[in-house]
Amino acid sequence: MKKLFLVLGISVVIAACGGPKPGEAEGGEDTTAAANQTATAATTNADTSATKTGTEPTAAAPAGKGATLIAGSDCGTCHKDHQKIVGPAFEDIAKKYTDADVDKLAKKVIAGGSGSWGDIAMSPHPALSEDDAKEMVKYILTVK
Ligand code: HEC
């Protein structure tokens, strides 16, 4: 009895698969598309991890964080990467300073002030933590 059910079951499966021939062709295409998608996803994942190992997570994270913090603050009102507006272009700040100036510049962002680039003063940012200000400055110094 068990064998009979098994045979019947298999027949049903075969019938289901062998049924609509065009549908089967479509199914085949879908599988290929899905496989392609999977391949793309796999490639993307591989790239991401490659980027991470390539740039060193510790170095990449602060830069990304700084850029995000700047985007969320008012810096863009007066600064652009490659163009002087009210304040100097980040590119020019990066040319003038090195990593050794990060502390000093972070304090300046928080306190505001003028004198380094001219008489126009930067507004103070007292709500910024020193760590966040440092992340921002670290990002600015990477702008080329
Ligand atoms: C109201 C306009 C304004 C805003 C907003 C502003 N800045 Fe500035 N920033 C300036 C000006 C003007 C200077 C040049 C100051 C000087 O000559 O010392 C400057 C200079 C700087 C410097 C170089 C400081 C130095 O001593 O050379 C850094 C770094 C900087 N800004 C970062 C930031 C960051 C980060 C933000 C956002 C949190 C920000 N700025 C927001 C106007 C602004």
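Any Cβ shown, glycine's included, is placed from N, Cα and C.
Worth saying up front: this structure is predicted, and the values here are computed from it rather than measured.
As given in TrEMBL:
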BINDING   Cys75, His79, Met122  heme c binding site
COMPBIAS  30-64  compositional bias 'Low complexity'
DOMAIN    61-144  domain 'Cytochrome c'
REGION    23-64  region 'Disordered'
Count the other Cβ atoms sitting within 10 Å of the Cβ of His79 (heme c binding site), across every protein chain shown. 21
For Met122 (heme c binding site), nearby residues of its own chain (Cβ under 8 Å, 6 or more apart in sequence): Cys78, Gly87, Lys108, Val109, Gly112, Gly113, Ser114
If I restrict to non-local contacts, at least six residues apart, and a C-beta distance under 8 angstroms, what lies near Cys75 (heme c binding site) in its own chain? Met136
Kindly report the helix/strand/coil residue split of the domain 'Cytochrome c' (61-144) according to DSSP, in that order. 47 helix, 4 strand, 33 coil
